[in-house]
Amino acid sequence: MTTLKTWVTVPHNSDFSIYNLPFGIFSVNGDAPKAGIAIGELIVDLEAISELGLISVDASYFKQKTLNEFISLGKKITNKVRLDVQRLLTIENSPLKNHSEVFVSQKDAKMHLPVHVGDYTDFYSSIEHATNVGKMFRDPENALLSNWRHIPVGYHGRASSIVVSGTDIHRPMGQVKTNDMEVPVFKTSGNLDFELEMGFVVGKSTELGERVSTKQAAEHIFGLVLFNDWSARDIQKWEYVPLGPFLGKSFASSMSPWIVTLEALEPFKVQGPEQQPEVLSYLKYEGEHNYDIQLEVGMSSESSSETTISRSNFKYMYWNMMQQLAHHTVNGCNLNVGDVMASGTISGKDESSYGSLLEISWGGKKPFELKDGSKRTFIEDNDTVTMRGFAEKDGKRVGFGQVTGTILPSK
Ligand code: MN
C-alpha cells in the first residue's frame with residue numbers, strides 16, 4: 001500500500017482514514033438527504049464538489065435519498081469518484097482548500113440508510129456459530145447438519161425493516177412455546193438477541209436466469225457494512241420448523257451508515273479456512289477472499305456504561321462472499337443494485353469471540369455481567385448494543401464506524 005498523506009485533520013485511529021473514503025447518505029438541519037464521503041470527522045459533500053466541476057459524475061446522482069442510482073453507474077465510475085476525492089484530499093494545491101463549504105462535520109449530520117434495499121438475504125456462514133447452535137438445539141456430537149459443508153446455507157430475510165444505525169427498536173411480540181407448555185402463548189419476546197454480522201451491498205444487477213461465477217462475483221459487490229440481525233430466540237425456536245426463520249427475525253435489522261468499498265478493503269484480504277470435503281465446482285474459487293476485519297460488540301444499559309462482550313473477526317467465515325454470491329445466483333435468481341446479503345453471525349473459536357447472546361449465555365444458562373455488576377442472559381428493555389469493526393495493517397486503518405441500537409419496550 002502506498003503511503004498517502006491528506007491535508008485534512010484526521011484523528012489518530014480514525015476509521016475514516018484517507019485509505020477508506022466510504023460512501024453514505026447524510027442530511028444537515030433537516031435539508032434533503034444527499035451523498036457524501038467520510039474523511040476523519042468530516043463528510044465531503046459530493047453534490048457540492050460535482051457542482052464545482054471537480055468530479056466527472058453529474059450532481060444529480062448525489063442529490064438523492066439513496067446511493068442506488070450512483071452505484072448503478074458501475075465500478076469504473078464509482079471507483080474513479082472515490083480516487084478523484086482521494087486525490088483532491090491529498091494534493092498540495094487542492095482546489096478544495098478554498099472551498100470549506102464542501103465539508104460538513106459528522107457531528108452536525110444525520111445519517112440515513114445508504115441504499116434502498118430491495119431484497120435482503122441472510123447467510124449462516126460461520127462454522128463456529130453453526131456448530132454452537134447445533135450443539136445447543138440438536139446433537140452435541142453431530143452439531144453440523146449434513147448439508148452445511150456443501151451449501152452456503154441462507155434464507156430470504158425482510159428488507160422493509162432494515163434500519164440505519166441509531167434507530168430504536170421496539171421489543172417484538174409473538175408466539176412462544178417452551179417445552180413445558182402444552183400450547184403456545186402470545187407474549188413479548190423474553191429472549192431478545194443480536195447477531196454480529198457483516199453485510200455486502202450488491203453493486204451490479206443481473207438478469208433472471210444469469211449465473212455469477214465466484215470469479216465474477218467481486219464485480220457485483222459494491223461494498224460492506226456492519227450488520228446487526230436482531231433475533232427473538234423464543235419466537236424463532238417455535239416458528240422455524242420446517243421453513244426457517246420468519247417473525248423472530250423480520251422485526252428489525254440494523255446497518256451501519258457508511259459503505260466501505262471492496263476496493264478499500266483489498267489490502268486486508270486473507271486466506272479463508274480450508275473447506276473439507278471439497279466443494280462442488282461452481283463454489284470453487286481462486287485467490288484470497290476472506291477479510292481480516294476486527295469486530296467487537298459492546299452492551300450498555302440505563303445503569304451501566306458500555307461493556308465489551310465479544311471480540312470476533314470477519315476472517316473466520318467458512319464461506320466467503322464470492323461463494324455466497326455464486327450460490328445465490330446458481331439457480332438464475334436475479335440480483336438488483338442495493339440488495340443486501342449478510343454473512344450470518346460471525347463467531348470465533350472461543351467464548352470471548354461469540355457473535356450472539358445465544359452463544360455467550362449458552363442458551364440463557366450462563367449469565368454474564370455488565371460493568372455495573374448487573375447480569376444479563378438476553379437483551380433487556382433500554383439496553384443498547386453497539387458493534388464496531390475495522391481493518392488495520394502497517395498502521396493504515398480502514399473502519400466501519402459503528403452500528404448501534406437501543407431496545408425499547410413493546411409498543
Ligand atoms: Mn442472522
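Numbering starts at 1 and runs along the chain as displayed.
Each residue, glycine too, has its Cβ placed from N, Cα and C.
TrEMBL does not curate its annotations; it predicts them automatically.
TrEMBL lists Asp122, Glu195, Glu197 as Ca(2+)-binding residues, and of the candidates Asp84, Asp168, Asp229, Asp234 the one it assigns to that same site is Asp229. Between the candidates Thr9, Thr329, Thr345, TrEMBL assigns the substrate site shared with Tyr124, Arg138, Gln236, Tyr240 to Thr345. With the fewest other Cβ atoms inside 10 Å of its Cβ, the least crowded of the recorded positions His129, Arg138, Lys249 in this structure is Arg138.
A Cβ distance below 6 Å to any atom of ligand 1 is met, among the recorded positions Asp122, His129, Glu195, Asp229, Gln236, by Asp122, Glu195, Asp229. Neighbours of Glu197 (Ca(2+) binding site) among the binding-site residues Arg138, Gln236, Thr345, defined as a Cα within 10 Å of its Cα, are Thr345. Considering only the binding-site residues Glu195, Lys249, Thr345, the residue whose Cα is spatially closest to the Cα of His129 (active site, proton acceptor) is Thr345.
Helix, strand and coil counts under DSSP for the domain 'Fumarylacetoacetase N-terminal' (20-114) come to 37 helix, 23 strand, 35 coil. In the three-state DSSP scheme, Tyr240 (substrate binding site) is classed as coil. DSSP classifies Lys249 (Mg(2+) binding site) as helix under the three-state reduction.
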